[in-house]
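Noted in Swiss-Prot for the protein shown:
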| type | residues | note |
| --- | --- | --- |
| BINDING | HIS160, GLU169, GLU296, ASP323, SER375, HIS376, ARG377, SER378, LYS399 | substrate binding site |
| ACT_SITE | GLU212 | active site, proton donor |
| BINDING | ASP247, GLU296, ASP323 | Mg(2+) binding site |
| ACT_SITE | LYS348 | active site, proton acceptor |
Amino acid sequence: MTISKVHSRYVYDSRGNPTVEVDVTTENGLFRAIVPSGASTGINEAMELRDGDKSKWQGKGVTKAVDNVNKTIAPHLIKSGLDEKNQEEIDSFLLKLDGTPNKRSLGANAILGVSLAVAKAGAAAKQVPLYRHIADISKSKQDKYVLPVPFQNVLNGGSHAGGSLAFQEFMIAPTNAPSFSEALRIGSEVYHHLKSLTKSKYGQSAGNVGDEGGVAPDIETPEEALDLIVASIEKAGYKGKVSIALDVASSEFYKDGKYDLDFKNPNSDKSKWLSGDQLADLYESLIDNYPIISIEDPFSEEDWDAWSNFYPKVASKLQIVGDDLTVTNPIFIKKAIEKKAANALLLKVNQIGTLTESIKAAQLAFSDKWGVMVSHRSGETEDHIIADIVVGLRTGQIKTGAPSRSERLAKLNQILRIEQELGDDAVYSGKGFHTAQNL
C-alpha cells in the first residue's frame, strides 16, 4: 500500500499561534497530525520554519512550511511509492529531501507533520493501535505494556507565566498510585486543592492558569511554590504519597556565566546573580527539604561543567533530566553520557523532527540506563500522538501539563483509553518510572 495524497494547512496552537497540520491519505483513509511548538527552546533544536513576516501573526506564520509540504514533500513522497508501514524508510527519505543537518531547508515543522501522519497511516495499514505500531518499529517489549507516571505541571513560572518566579515548572508525580487512572485522579484532586489554596492566599486572579494549565500566582521563590504544593498534597490526603519534580529551564535566566533568578526584572541586581555552584547549593537544599524526585535542566545548556559537577552529588537520589542540554539529539545525548552530566532524556519529537530520530534518541538513552520522559510542548494542540509514543516506547513517564486545558487532557485521556483497552496486558510504572524498560 502506498500514499495517494499529502496535504498541509496552517491551524492554531494553544497559544493562538499558527502551526502546521498535515493530512496523509491512503486506501485506508485520511490520517492527520498537528505539530506543537515550544516557548523555551534549546539553541540546538531542529529548525522550526516561521515566515518572519512581522505584518502577519507577528512573524510567526508557517505558510512557508505549509508550502514546503504541499509543493515539495507531497509530490516527491507520492512519486516514491514508499509503503506507509516503513516509518524509517520514509523518514530517511524526508531527511534526504531536506538535505541539511538541522532541517532548515524544508523546516522541522513541515517534516515532522508528515512523519507523524505517516505513523498513524502505518498503524492503520497494519490494523493495530498506534502504540503497538510504535512498539513494533522501536522493537520495544510487548509482553506487557507500561503505562507512564503523569508528571503534572500544576504550578507555572519562568517563561510560561507572569510573575517573578524563575523556575518554569513545578510538577506532581503520583508514583505510589496503583494504576495510571488512579494517578490521574490523585493528580486532579491535588490540583484542585492547589487552586483553592492559591486563590485564598494570593487572591482570585492567582487561580488563573499558565500556558500548561498550572496555576501562576505571583510567587518569588521556589520554596514558596513548593510549600504551596506540599500543603495541597496534604490537604488532598496524600501526604508522603505524591512526589515533586522541577523543570527549572535555567537557560532562560543564564546571563554572562551566571544565573539571574530575577530575570523578568529588567533592572535585576547583578550582585545577586548566582554561580553554578551557588545554584547547585540551592538545589541540594530543596532536595533535602522537599520530596523531589526529578530536576530538569538545572543548568544552562552551555554550562556543561555545572552539570558534571552536580551529577555525582545527587544522581543517586533523583533523576537529572536533559532537555535544552540534549534536545532529543544523539550528538548531545552522547556528549552528556560521556561527561556524566545527566541520567535522563526529555523526549520531544519536534526538537529532532522525525519519529524515527526520536526513537533512536530514546534507544541511545536507554543503552546507558538513562530514563526517558516523553514531553509535550507549551504551544500544544489536540493531537495526542505522544500518548501512544510513551506507551509504545515503554518509557514509563510523561509530562503533558496540568489536568486542565483540553490540549493537555487530550494526551492524558488517550492514555486512559489505552489503559482500558490493554487491561491486564499493561502495568503502571509507578516508582519504577526511571527504569521502566526493565518492568
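A Cβ is built for glycine as well, from the same backbone N, Cα and C atoms used for every other residue.
Listed recorded positions near SER375 (substrate binding site): LYS348 (candidates GLU212, ASP247, LYS348; Cα-Cα distance within 10 Å). Per Cα geometry, LYS399 is the residue among the recorded positions ASP247, GLU296, LYS348, LYS399 nearest to the residue listed as 'active site, proton donor'. Within the group of recorded positions (GLU212, ASP247, GLU296, ASP323), the Cβ with the highest number of other Cβ atoms inside 10 Å belongs to GLU212. Ranked by Cα separation from GLU296 (substrate binding site), the recorded positions ASP247, ASP323, LYS348 are led by ASP247.
Among the recorded positions listed here, namely LYS348, ARG377, LYS399, LYS348 has its C-alpha nearest to that of ASP323 (Mg(2+) binding site). Put simply, LYS399 is the one of the recorded positions LYS348, ARG377, LYS399 whose Cα lies nearest to the Cα of ASP247 (Mg(2+) binding site). Excluding the listed site residues ASP247, GLU296, ASP323, the same chain places GLN168, GLU169, LEU246, VAL248, ALA249, ILE295, ASP297, VAL321, GLY322, ASP324, LEU346, SER375 with Cβ atoms within 8 Å of the centre of the Mg(2+) site Cβ atoms. Between LYS348 (active site, proton acceptor) and LYS399 (substrate binding site), the C-alpha separation comes to 10 Å.
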